[in-house]
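**Student:** Mind having a look at this structure? Questions to follow.
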Amino acid sequence: MRLLAWLIFLANWGGARAEPGKFWHIADLHLDPDYKVSKDPFQVCPSAGSQPVPDAGPWGDYLCDSPWALINSSIYAMKEIEPEPDFILWTGDDTPHVPDEKLGEAAVLEIVERLTKLIREVFPDTKVYAALGNHDFHPKNQFPAGSNNIYNQIAELWKPWLSNESIALFKKGAFYCEKLPGPSGAGRIVVLNTNLYYTSNALTADMADPGQQFQWLEDVLTDASKAGDMVYIVGHVPPGFFEKTQNKAWFREGFNEKYLKVVRKHHRVIAGQFFGHHHTDSFRMLYDDAGVPISAMFITPGVTPWKTTLPGVVNGANNPAIRVFEYDRATLSLKDMVTYFMNLSQANAQGTPRWELEYQLTEAYGVPDASAHSMHTVLDRIAGDQSTLQRYYVYNSVSYSAGVCDEACSMQHVCAMRQVDIDAYTTCLYASGTTPVPQLPLLLMALLGLCTLVL
């Protein structure tokens, strides 16, 4: 009997041993196909709008979206740094920040196809889990809750990465679920179309559950729990608020509430959440009713260096970034996060791009891993220690902004990271003595038809 118990123990111990793996996360590539180095500052890039771009370099400019040279360099840098990842997360926003009339459906599809071919060329044997961003549609932001030509065409483009079931789902609503590769077979990737919940999407504003995605997510997470699987949730637009200004929520309030309700209900099977959209480097914490951290949401910085036009944002540009996660293949627990970047000014001055380590999460913040508990510790240190806050603030812009994060800045960032719930976020700002800024400028922009360019 003792021998049998010992054999069972050994079997369980062997099954629970760590299986270290790595995966890439890239976001917000925003190719500007018309970028060119020009002596005329008004002829450099359409994505700069009416702003002059003096002294533009071959690798890009902070007022512009990515030239092809920058995107090409970023994907090949991934291959050089970690050539055999288990998989790649690619969370969308591929087209430039230009008005709809300067783009069109054919141009959107052409850009997505061009980037897809590049990634497949550099990583021919790597599974890619790709999501659409709010700019990956025409007209931008206006994602329908049902089938359409763009969903159909992109599903065909991504066919080598998708199962037959995922292709059918993608054509209906641009979301899907895939089993993770690897020997354990105990993990799933859920790719969401969170553009359906975006405040700028007028098509879904009055819907309770666009595309039935919430119900589908409930079903997938329930099934994962029964099967003993862990899940990564992936999307473009995150819930909660932008940290570089006040009171800018991305989801409509009802959708934000529903998403948080689903995640809190199923948090035991959710090993990580991964989003983009911000172009900045940040994270969000979710807590249960007792205040215990239950999930961390990682917002990956963009490849594009483009300076946001969102009202209230100061120094809204960033250096280009790519990110690799270290994880346990058996449990999907996140062990570390390493961000690499290109100093764009330096690359243009030297004529050669150099992708270098910006920081490693565990070393930068002195935590053992990237679990929800550890990220809660990181947030507490950011909120309570000025030097840690300042370090985070530099990382937030991918080492672009060297300015000081003062008290008002600190509250904007900390409240956004700590409170993803809309009412709790507002309470956090008031409790800090900061009066939330009304969204009148955004309303005026919407009336003027300009809101499509801000992110």
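A Cβ is built for glycine as well, from the same backbone N, Cα and C atoms used for every other residue.
The feature Zn(2+) 1 binding site is assigned by Swiss-Prot to D28, H30, D93, H279. The Zn(2+) 2 binding site annotation in Swiss-Prot covers D93, N134, H236, H277 and is backed by similarity to another entry. As annotated by Swiss-Prot, disulfide bond applies to C45-C64, C405-C409, C415-C428. As annotated by Swiss-Prot, N-linked glycosylation site applies to N72, N164, N343, with the evidence given as sequence analysis. Among the features that Swiss-Prot reports, signal peptide is placed at 1-18, with the record citing sequence analysis.
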**Student:** For the Zn(2+) 1 site (D28, H30, D93, H279), what does the 8 A shell look like? I mean other same-chain residues with CB within 8 A of the CB centroid.
**Tutor:** A27, L29, D65, G133, H135, G276, H277, G302, V303, T304, W306, L455
**Student:** Do any residues at least six apart in sequence from H30 (Zn(2+) 1 binding site), in the same chain, have a Cβ closer than 8 Å to its Cβ, and if so which, in order?
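**Tutor:** Long-range Cβ contacts: S47, D65, S66, D93, D94, T95, P96, H97, H135, G302, V303, T304, W306.
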**Student:** By a 10 A CB contact count over all chains shown, which of the recorded positions listed here is most packed: N134, N164?
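**Tutor:** Within the set of recorded positions, the most crowded position is N134.
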**Student:** Should C415 (disulfide bond) be counted as helix, strand, or coil on the basis of DSSP?
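**Tutor:** Its secondary structure by DSSP: helix.
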**Student:** Once D93, N134, H236, H277 are set aside, which residues in the chain still have Cβ within 8 Å of the Cβ centroid of the Zn(2+) 2 site?
**Tutor:** A27, D28, T91, G92, L132, G133, H135, D136, N195, V237, G276, L455
**Student:** Are there any residues at least 6 positions away along the chain from H279 (Zn(2+) 1 binding site) with a Cβ closer than 8 Å to its Cβ? List them or say none.
**Tutor:** D28, P301, G302, T304, W306, T308, N318, L455
**Student:** Do you know which of the disulfide-bonded residues C64, C415, C428 has the most other C-beta atoms within 10 angstroms of its C-beta?
**Tutor:** C64
**Student:** Which of the three DSSP-derived classes (helix, strand, coil) applies to N72 (N-linked glycosylation site)?
**Tutor:** helix
**Student:** Just the number: how many Å between the Cα atoms of C428 (disulfide bond) and C409 (disulfide bond)?
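**Tutor:** Rounded to a whole number, the Cα-Cα distance is 13 Å.
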